[in-house]
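**Student:** Next up is a structure, given as C-alpha cells.
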Amino acid sequence: MAKICVIGSSSMDLVVTSSRRPGAGETVLGDSFKTVPGGKGANQAVAAARLGADVTMIGRVGDDAFGTAILNNFKANAVNTQNVKPVTHMESGTAHIVLAEGDNSIVVVEAANREVTPAYVDEAAEVIQRADIVLIQQEIPEETVVRVSEICAQSGTPLLLNPAPARKVPDEVIDKAAYITPNEHEAEILFQGMTPAEALRKYPNKLFITEGSNGVRYFDGEREIVVPTYKVEPVDTTGAGDTFNAAFAVALAEGKPLQESIRFANRAASLSVTKFGAQGGMPMRSEVEESLK
Ligand SMILES: Nc1ncnc2c1ncn2[C@@H]1O[C@H](COP(=O)(O)OP(=O)(O)OP(=O)(O)O)[C@@H](O)[C@H]1O
Ligand SMILES: [K+]
C-alpha cells in the first residue's frame, strides 16, 4: 500500500444559498444552510485514501465542535489523524460561502491552519521521511512549505507541490520539489516573465499544468505533451484539482510510469466533476479502475 503524507489545511465550509446576496448593512433571508468539510489539504487526504493509499494527514484543527467534526470526517475516510492536533483556545479554519445570483462569495478564516508551522511539521518529520510521497498545497504558511521541502530533500522523499491557491513560490522550493502542478492561472503567477511553454521547458517531467477539460500539459525533455482528460457531463467542478493531485500522488507512489499516472489522475478527476461538492465527488479506487477498462 502506497504511503502518502499530506500536509495542509482542513476547514469547515459553511454554505448558505440565497436568491440575493446582502449589501453592506443589509439583511436578507436565505434558502438553505449546510456544513461540509473542506480545505485543500483535507480534500486531498480524503481523495488519496479513497483511492486506496495509506494516508497520514499533518494539519491542525481548533478545539471547537468543527474540529471534532473535521477529525470524524478524516476517520470516516480512513485517514490517519495522529498528526492533526487541536490548537487550544482557537477556532478551526472555516470558509463562509454565500451562493447567490449564480456566483459565490467566500470569506476564509484560516485560524488553526496558521498553526501548521515549521516547528509543528518538525515534530512529525519521521512521517514525512517514511512516506513514499509527500503532498502539499499553499493554504498553510509559506515558511512551512519551505521547511517541508528541506525535510523531503534531506530524506530523498519525493515532494508533490500543488501551488494552490496562487502565490509566488520560493526558488528553493521549486528546486526541491519533484512535481509541481499549477492550473493555468497559478502557472502564470509562479512563472512571471515566462510563457507557459518556456516554463514547461525549464522544468521537464516536473512541471505539470492542469488545463481543466483539456487535460494536463508537460514537457518530456524533447517535446510538449498534452495528456487529454476524459469526456464527462460536468455537474460541479469543485474538487477537480484536489482529486487530480491526490490521484497523481497515489499513482506515482505506486510506481506507475508518468503518463499512466497522469491518465489515472485525469480519470479520477473527471469522475469527481460528475458529482456535487469537493469531497462528495471523489471516487473510490474501484470506480476509477472500472472506468479505465
Ligand atoms: N470538465 C472537466 N472534464 C474532465 N476532466 C476535468 C474537467 N475539469 C477538470 N478536470 C480534470 O481535473 C484536472 C484539474 O482541473 P483544473 O485544471 O480545472 O484544476 P483547478 O483549477 O485546480 O480545479 P478546481 O479549482 O476546479 O478544483 C484537469 O487536469 C482534468 O484532469
Ligand atoms: K465535484
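Including glycine, each Cβ sits where the backbone N, Cα and C put it.
Automatic, uncurated: that is what TrEMBL annotation is.
Below are the features I grabbed from TrEMBL:
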ACT_SITE  Asp242  active site, proton acceptor
BINDING   Ser11, Met12, Asp13, Gly39, Lys40, Gly41, Ala42, Asn43, Glu139, Asp242  substrate binding site
BINDING   Asn183, Thr210, Glu211, Gly212, Ser213, Asn214, Gly215, Gly241, Asp242, Asn266  ATP binding site
BINDING   Asp236, Thr238, Ser272, Lys275, Gly277  K(+) binding site
DOMAIN    1-283  domain 'Carbohydrate kinase PfkB'
**Student:** Do you know offhand how many angstrom separate Gly215 (ATP binding site) and Asp13 (substrate binding site) by C-alpha?
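**Tutor:** About 28 Å separates the two Cα atoms.
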**Student:** List, in sequence order, the same-chain residues at least six positions removed whose CB sits under 8 Å from that of Lys275 (K(+) binding site)?
**Tutor:** Val235, Asp236, Gly281
**Student:** Of the binding-site residues Asn183, Glu211, Thr238, which one sits closest to Asp13 (substrate binding site) when you measure Cα to Cα?
**Tutor:** Thr238
**Student:** According to DSSP, collapsed to three classes, what secondary structure does Ser213 (ATP binding site) have?
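**Tutor:** Once the DSSP labels are grouped into three classes, Ser213 (ATP binding site) ends up as helix.
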**Student:** Tell me, how many other CB atoms lie within 10 A of the CB of Ser272 (K(+) binding site), whichever protein chain they belong to?
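**Tutor:** Within a 10 Å radius of the Cβ of Ser272 (K(+) binding site) lie 31 other Cβ atoms.
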**Student:** Can you list which of the binding-site residues Asp13, Thr238, Ser272, Lys275 have their Cβ under 6 Å from some atom of ligand 2?
**Tutor:** Thr238, Ser272, Lys275
**Student:** Within the set Glu139, Asn183, Ser213, Ser272, Lys275, which binding-site residues show a CB-to-ligand 1 distance under 6 A?
**Tutor:** Asn183, Ser213
**Student:** Name the residues of the same chain, 6+ apart in sequence, whose Cβ is under 8 Å from the Cβ of Asn183 (ATP binding site)?
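**Tutor:** Within the chain, Asn183 (ATP binding site) has Cβ neighbours under 8 Å at Ala164, Ile209, Thr210, Glu211, Gly212, Gly241.
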